[in-house]
């Protein structure tokens with residue numbers, strides 16, 4: 001996928017999750 005520019009190490013994807021991004025390997029991917 002495409003990195004969304006948001007990490008999800010301590011907290012889940014927030015803003016990018018609204019764009020359909022999901023957490024993978026501590027980074028939010030689309």
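Numbers run from 1 along the shown chain.
The backbone N, Cα and C atoms fix where each Cβ goes, and this holds for glycine too.
What Swiss-Prot records for this protein:
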DISULFID  4-21  disulfide bond
DISULFID  8-23  disulfide bond
DISULFID  13-28  disulfide bond
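In sequence order, 23, 26, 27, 28 are the residues of the chain that are 6 or more apart from residue 8 (disulfide bond) and have a CB within less than 8 Å of its CB.
Sequence-distant neighbours of residue 4 (disulfide bond) (same chain, six or more apart, CB under 8 Å from its CB) are 13, 16, 19, 21, 27, 28, 29, 30, listed in sequence order. Residue 23 (disulfide bond) counts 18 other C-beta atoms within 10 Å of its own C-beta, drawing on all protein chains shown.
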